[in-house]
Amino acid sequence: MAVPFLQDHDTKHDLLTMSHLSLEEIEHILHDAQQFENGALWSPEEKLFVANLFFEPSTRTRVSFEVAEQRLGLHVVNVDGERSSVQKGETLYDTAKTLESIGVNALVIRHRQDRYFEELKDRINIPIINAGDGCGHHPTQSLLDLWTIQQEFGRFSNLITVISGDLRHSRVARSNAETLTRLGARVYISGPREWMEGYEGVYPYVTMDEAVELADVIMLLRVQHERHDGTVSFTQASYHEQFGLTVKREARMKPKSIVMHPAPVNRNVEIASELVECPRSRIFKQMKNGVAIRMAVLKRALTDE
């Protein structure tokens, strides 16, 4: 039976940053994700292997990719970066080239180095899917966020999205701010001003008290203590009071506005614990959507038509 998927036509379908995708390609991926959600089937005609290389801790992204791969009938090879030959001095390139030589058909990589993929993209002949690079980019998270917003509102044009929190260290913020702007949304930023480097002057700044009355979508970000080298000047309580989504602030949001968060969530820091699963929260919906989005991305990577 024919499956109603749209087809791409490149020969090597890397997914490194959202800026590498045209708006048409984004539309194709969201379309294919919806087809998978609706029960459509796709699997490769031959046995294909996908290697997951994670050099940073991950729960949602790693498991979501593995579930997506298995649902597509792919053979999954999980490589623990902390136990790989990289710990013996092997370069990331040599590790990737080794897996390509062994017969792996695509690589899913998360790495702590910003833009790690620059040394790989023109030298590795199999598709590379970026599962997060340092403070740089997280394209599959951005795609699942876009799909979640599209499901909710059916549009991006003039939609007001406030991205709030640790923007300086967030690969999610960068991917989403750039792409939502390309799609016609109105993006605002919020949070501690010292964490707005690279954003302030590009996107308008609002306080959280202003954001809750303005936004259609509030996208909260975790305070990434591991990237601050112990320099965070806020206590959890003071951050929550000044910059977090408190119960009182949530009550002032527009009736149809939603709350998003890429997780992991620091309860009672960026968001009150009782709001994590409140009616306007889409946090666990985002996680659910990650599987179909990653199925669509894997299909794109492994399709030669």
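Cβ atoms are placed via backbone N, Cα and C, with glycine included.
Keep in mind that what you see is a predicted model, and the values were worked out from it rather than measured.
Cross-referencing R110, R168, R182, R300 with the carbamoyl phosphate binding residues that Swiss-Prot gives (R60, T61, H138, Q141, A263, P264) picks out R110. Separating the Cα atoms of A263 (carbamoyl phosphate binding site) and R171 (L-aspartate binding site) is a whole-number distance of 12 Å. Cβ atoms within 8 Å of the centroid of the Cβ atoms of R60, T61, R110, H138, Q141, A263, P264 (the carbamoyl phosphate site) belong to the same-chain residues S58, T59, A131, G132, V172, P262, site residues excluded. The two recorded residues, R110 (carbamoyl phosphate binding site) and R222 (L-aspartate binding site), show a Cα separation of 18 Å. Q141 (carbamoyl phosphate binding site) carries a helical DSSP state (H, G or I). With a 10 A radius on its CB, A263 (carbamoyl phosphate binding site) counts 18 other CB atoms from all the protein chains. Put simply, of the binding-site residues R60, T61, H138, Q141, P264, the one whose Cα is nearest the Cα of R171 (L-aspartate binding site) is H138. Calculated from their C-alpha atoms, the gap between Q141 (carbamoyl phosphate binding site) and R222 (L-aspartate binding site) amounts to 14 Å.
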